[in-house]
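Taken verbatim from TrEMBL:
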DOMAIN    52-271  domain 'Radical SAM core'
BINDING   Cys66, Cys70, Cys73  [4Fe-4S] cluster binding site
BINDING   Ser139  (3R)-3-methyl-D-ornithine binding site
BINDING   Glu164, Arg183  S-adenosyl-L-methionine binding site
Amino acid sequence: MSGIKTINDIISRAEHTHCLEKENIITLLSDEEGDELVFAAADRVGKKYVGNEVHLRGLIEFSNICKQNCLYCGLRRDNRNVKRYRLDPEAIIASAGQANSYGYRTVVLQSGEDDSFDLDTMVYIIHKIKELDMAITLSIGEKPREVYQKYREAGADRYLLRIETTDRELYERLDPGMSWDNRARCLCDLKELGFELGTGCLIGLPGQTIASLADDILFFKKMDADMIGVGPFIANKETPLGKEPNGTFELSTKVMAITRLLLPDINIPATTAMESLNPDGRVLALQRGANVVMPNVTEGEYRQLYQLYPGKICINDTPAHCHSCITGKIHSIGRTVSQGYGYRQKQAVS
Ligand code: 5AD
Ligand code: SF4
Ligand code: FES
């Protein structure tokens, strides 16, 4: 127990200076007594710096084929119990057109690491979607710098690549064959090439410590990431971590809230995994510092096949249903849906 006075002091410092030492982050993460205070402060900072608007990004999960083998993920290459699919470029472009018709100004193209989408194919898709006057976020994994550069030149605006954990040893154990240094290299390249950079981490991975979550938050700050998405680890029985305990909603939103305190003007999604553990998860996350939601626009049976973890929300719903569902939830808490592209508006921190 650190005492509510200490907690209050730390939160007040974070709220006004947007800086915290690692020990203070650990105190906030370890002590549940201060949770509501952290959440309320994150809500205030969010309102002050990014306002009342919520940005919607239409998510297209265009291929569940992945050459990687992350121990936590249902799309890992060794999972034989998933029907694999990939959309063809015209279907992806059509889906982006549909996202546009719902008023989404950004489309997020997400997939496993599927090399059949080679550079020319991706450049073609990016060009076609840019003709719709939409912002494009890519979330398609680790690539060489030259490839990122071509995506950028073709018009891609943002890139999501979670660091997953800053604990290098844990990362390399859970993501066999992958190198933490290469992942960090990707993030630096993306930033230098002028992408808006999105990263984030999993909460509650087996073997992850509170101290390493504090390191994750400090890493986001050091990188000056433009977007941070965090979510609980959810055990998938089709993976080697199937019997491990899940991460928790509370700790996930606390990491998110502290991230809002330290990076006040960035975009922070209320993530799907949060709502998969708590039926009100996205609305609560929006009241704890989040300002973005990524409704799914993937069509038909494909949604069910993009199962990173069990219990994923919206798998039987249509894009139209998700659009009205999420709009209703946002309005129900007195927030509005942004009509803009939702780029980070960098602000002098005061
Ligand atoms: N539980 C929660 N999130 C997961 N992801 C992958 N597998 C799981 C899981 N079992 C997340 C990873 C990845 C993102 C696309 O999905 O953080 O970066
Ligand atoms: Fe592939 Fe990403 Fe899943 Fe790892 S987390 S197996 S890279 S889809
Ligand atoms: Fe998909 Fe609510 S956002 S059902």
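Using the three backbone atoms N, Cα and C, a Cβ is placed for every residue, glycine included.
All annotation found in TrEMBL is predicted automatically rather than curated by experts.
Mapped onto this structure are the features recorded in TrEMBL.
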residue : record                                 : Cβ contacts under 8 Å, 6 or more apart
Cys66   : [4Fe-4S] cluster binding site          : Cys73, Leu75, Arg76, Arg77, Ser111, Gly112, Glu113, Asp114
Cys70   : [4Fe-4S] cluster binding site          : Arg76, Glu164, Leu174, Asp175, Met178
Ser139  : (3R)-3-methyl-D-ornithine binding site : Val108, Leu109, Gln110, Ser111, Tyr159, Leu160, Leu161, Gly198
Arg183  : S-adenosyl-L-methionine binding site   : Glu142, Leu161, Ile163, Glu164, Tyr171
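By the rule that a residue counts when its Cβ sits under 6 Å from some atom of ligand 1, the binding-site residues Cys66, Cys73, Arg183 yield Cys73. According to DSSP, Arg183 (S-adenosyl-L-methionine binding site) sits within a helical segment. Counting Cβ atoms from all protein chains shown, Cys73 ([4Fe-4S] cluster binding site) has 23 others lying within 10 Å of its own Cβ.
Taken together, the residues in the domain 'Radical SAM core' (52-271) have a mean pLDDT of 98 on the 0 to 100 scale. Mapped onto three states, the DSSP output places Glu164 (S-adenosyl-L-methionine binding site) in strand. Among the binding-site residues Cys66, Cys70, Cys73, Glu164, Arg183, the residues whose Cβ sits under 6 Å from any atom of ligand 2 are Cys66, Cys70, Cys73. In this structure, Cys70 ([4Fe-4S] cluster binding site) belongs to neither helix nor strand by DSSP; it is coil. A 10 Å cutoff on Cβ-Cβ distances gives Glu164 (S-adenosyl-L-methionine binding site) a total of 24 other Cβ atoms nearby, all chains included.
Other than Cys66, Cys70, Cys73, the residues of this chain whose Cβ falls within 8 Å of the Cβ centroid of the [4Fe-4S] cluster site are, in sequence order, Gln68, Asn69, Tyr72, Gly74, Leu75, Arg76, Arg77, Gly112, Asp175, Leu308.
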